[in-house]
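To keep things clear, I will list the structure first and then write my remarks on it.
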Amino acid sequence: MATASTSSSTIWANPNPRTTFSSSPKLPSSFSVSSRKKLKKISCALQSPSILQFPKQSPFQLPSSTPDSWNLLQKFSAMALDAIENGLIEQEKKHALPKTADPKVQISGNFSPVPEQSVRHCLPVVGEIPEHVQGVYLRNGANPLFEPTSGHHLFDGDGMIYAVKFENGSASFACRHTETQRLVQERALGKPVFPKAIGELHGHSGIAKLLLFYARGLCGLVDHSQGIGVANAGLVYFNNRLLAMSEDDLPYEVRVTPTGDLKTVGRYNFDEQLKSTMIAHPKLDPVSGELFSLSYDVIQKPYLKYFRFSPDGTKSKDVAIDLAKPTMVHDFAITENFVVVPDHQVVFKMSEMITGGSPVVYDKEKVSRFGVLDKYADDGSSIKWVEVPDCFCFHLWNAWEEPETDEVVVIGSCMTPADSIFNENNEELKSVLSEIRLNLKTGKSTRRAIISPENDVNLEAGMVNKNLLGRKSKYAYLAIAEPWPKVSGFAKVDLSTGETKKFIYGNQKYGGEPLFLPRDPNSETEDDGHILTFVHDEKTWKSELQIVNAITLQLEATVKLPSRVPYGFHGTFISANDLATQA
């Protein structure tokens, strides 16, 4: 996700534990009156001013090896490695960064980070919070603690969860970093030292930074044995645990306290059952209560593994899925009986780094396809592959079976150019909501745009009614990603007719993923519920939570937030009943 910006001075993190900070959502003092006037004239992402305000934080805990405990050899090694790294950074500054790795682009405006916010209760509410909204709404996002020293992509930021807890018509707010091993160690060291998977790992300098990182590990300056992930993308509540995820690590368990605060429990391996990374979009079957997921590897075969967890958290064995190349599999789908796995054209080619490129590449020779595998298969030999040429779906919204035609129907947003999120591209990005039919009998596929071309808009983050996941659903609720990469509202789309109703957040107001919260899981009306979403006002530089009736698309309540909420990724809702049974 790239936003362009004008420049302004920045305020960065200070790891000093004695430093305090204001929780008020203020602009930096250096943000001049003229800059404020420019802010009011924003009409697209390219006009976002750079407001990179990095928070001052206090340590949560320290790694086992801290600078104070280093021996003389370790201190000398640290100085030598720092000197080498500083030389690399100076060399990098002689060359312009691509927009997809330029922090002045990637984390400008309301993509920039905020400080942690302890719980604030009894927030101002305009309108009335619906009676069935009882529990906590949570959304994940990237919130880098330290100023990037070189390349940085939005997806590289440290994970932060933003939470609004509802109780009898009242609301509270808190936001906290997920205390990953990466964040804890970097905060103790006072600077970023873990490599950034997208922003930094390209070309010869990327190889050098990897070597430096592992050299620090060999010297005992950092510990990479407990994972290097940022836990900034997805959230799922499963088996009485809230899990924060990114596909480069195991999940992290986070607890919602009775007051509505957030506390990281730690890296979660399902009682030592999970030995590999896990993607950020596991699927929770609303009928069986099972959790289904994938893990991909960019170095060695099998490049992709599938597994599931029973409702009590017992893991199945890994099922290897044979892929010819390591492939980015960010999302997948389930039906009543199958898992649907995309094998698209965005692949990992580590050799590209040797020639100065990015390891994430678009393979134009490869034909995109979807694999359909029985949910309870013991191995991957029975998977049926169906080609869907020139199709890249970063996200899939739902899938279901239509036995009368031997088809599996997949609903996703087809994105072009396929690698535009990761590699600089001058072609206009399009994300087309599509129905993809996979005929398991003939091995053929069809694809159609659900919305007519004259009414089409870029639709990205979103969901269907979670009680219909894997079953035929009528509606999808999706973010209107315009002007890209901002989100100006959401669309309620009839998946059979293409009829589209839009809700726009307001003048110069932008948000993110809409979350559909059913009024009653047993309701016979699929859209009986409300949409919850964070919205930021770029005129006033304040944020709010909007609650919209999903049937009428009327705004019913607005919760005014005490802290700015940056544009982020994916969320979930935990009911009050489920909160009461947290592990």
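Note: Cβ is positioned from N, Cα and C throughout, glycine not excepted.
Just so you know, TrEMBL annotations never went through curation; they're auto-generated.
Pulled from TrEMBL:
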COMPBIAS  1-10  compositional bias 'Low complexity'
REGION    1-33  region 'Disordered'
COMPBIAS  11-20  compositional bias 'Polar residues'
COMPBIAS  21-33  compositional bias 'Low complexity'
BINDING   HIS281, HIS330, HIS395, HIS570  Fe cation binding site
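Apart from HIS281, HIS330, HIS395, HIS570, the residues listed for Fe cation, the same chain places the Cβ atoms of ALA233, GLY234, ILE279, ALA280, ASP331, PHE394 within 8 Å of the centroid of those Cβ atoms. For the binding-site residues listed here (HIS330, HIS570), the lowest count of other CB atoms within 10 A around the CB belongs to HIS330. HIS395 (Fe cation binding site) is surrounded by 21 other CB atoms, counting those within 10 A of its CB over all protein chains shown.
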